[in-house]
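Have a look at the structure below, then the notes.
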Amino acid sequence: MLLVYFVFCASLVMSVPYPANPPEEQMTQDGPMSIADFNPRCAMFSAGIPESQTFFSPSFPANYPNNTECVKIIEAPPGHYLELDFRDKFRLEPSEDCKFDYLEIRDGANGYDPLIGTYCGFAYPPKISSVGRFLWLKFKSDGNTEYSGFTAVYKFLRMTGKQIPEAHCEIKMSGIQGYVNRSDADPASVNRTIEYKVPLECMWTIRVKVGWKIQLNFQKFDLKVPNDCDSNYVDIYPENTDMPSQINNFCGSIADTVQSPENVLRVRFFAKPEAINSSFTAIYTAYREKPKGEPVGCEEDEYDCEDATCISDELRCNGVNNCRFRSDEDPAKCQPKETVLSEHMIIILIVFFFILTGMCFAFLFNCLRKLIRDHRIIQEHMRRSREARMNEEDSKIPTVFSKRSDCFVPSDESIVSNFKSSEVETRDSQVQTRESLFETGLPGPREVQQNWFTTFGRGPPSEEDSSASVRATSIETTKSAPDVILTRH
């Protein structure tokens, strides 16, 4: 018997392929799992013998150990389903409702899929067939009695009839903040539900950095069929998605705030075709708990929520309540920046700008109009001043008869009587006319008649005429100069 055990273990080790450089994480049914966290006692159950499609209870062929929990997922190729059968033996600690040691089987790839059955005692479970390509199995033992366990085999059978396309509605999220919306569900999965009348299932997996936790706050929760937990609901899980690990189940009209135990949180939405129009919106926030009993505050790039937790300083005053008691959005701590203007202030500035622009335009228009008017007034004044100056100059020029006395026409007798005088005859207030120039009235032949005419009278030439000109003895005699014609014969 001992030899068979060693041969079996050697074949198991050789049948399991190991990569040359094993990765830091391996995917399990519930997400990434560290190799260091893998329980070697679960090897016979979780790995089994793939070549013979056989698996066993933990530590087979020995009795299974106490306080052991192992999970196994069996996957069939596309277009096939699974058939599971137990052989040789089935011995688990018997108890009412299998409260102590048990084997749980579900029809699907997750711990929340429909339960096929929970088995314990000494009775063989019936032959089990899956609806789809997956079976989820969980073995759990308590700390008391140990039994020899079981042996199980499975096989793949081809599906018949009309096949429904598989759905993959999975959304992975990370970061310090994010939103979980029903509208983010895969459209192909939604159309599959409408066309084939099958339930819609979507899973949001939120992962933050190690050492931090996640707070999920529902801002909107509106199920199409509230209080019907079979038609539509939202489940909250940690990294493990089995039913004992479930954190919350919301199927009413209100969803409370949820906090994760570790750095992973899963949100599962389930809705039958009649409830596919359900909607919800939740915001998640990554936070860090302060060490208890230590006077350690938040880091420089963190904000203290004043409830023994810290969040990223980037989330302070961002318009979203990230702290449980909303201290990060306290108006006293979130003074608006000077560069940020309210909508009313922008409107006031726009109106003021248009008013100021209108005033400036009116001022410039009035200035221009005044300049044009002043220019015209100056031109008019210059024109009038020029005309007045010309009129003044014209008024200073003496006219011909402005100060002339009446004309005196001498008679012939007066001319003859004074003709023999040797002195030049002067007349102060009389002038000779053009007619008197040609009527001398002197006796004697015409040849000897010599008339001497000047503007100062007439008289015989004197000896001094050749050397000096006769000068008028009166200043009034020059006034008749324009009307005198000087003629020499």
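Yeah, the Cβs are placed from backbone N, Cα and C, and that goes for glycine too.
If you look up TrEMBL, you'll see 1-15 marked as signal peptide.
Taken from TrEMBL, the feature domain 'CUB' covers 42-157 (among others).
Across the domain 'CUB' (169-287), DSSP assigns 19 helix, 56 strand, 44 coil. The annotation domain 'CUB' is assigned in TrEMBL to 169-287 (among others).
In sequence order, Y287, R288, E289, K290, C298, E299, E302, Y303, D304 constitute the residues six or more apart from C310 (disulfide bond) in its chain with CB-CB distances below 8 Å. Positions annotated as disulfide bond by TrEMBL: C298-C310 (among others).
Counted within 10 Å of its Cβ, the other Cβ atoms near C305 (disulfide bond) come to 24, all protein chains included. In the three-state DSSP scheme, C305 (disulfide bond) is classed as coil. TrEMBL lists C305-C323 (among others) with the feature disulfide bond.
Among the features that TrEMBL reports, transmembrane segment is placed at 345-368.
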Disulfide-bonded residues listed as C298, C323, least Cβ neighbours within 10 Å: C298
Arithmetic mean of per-residue pLDDT over the domain 'CUB' (169-287): 95
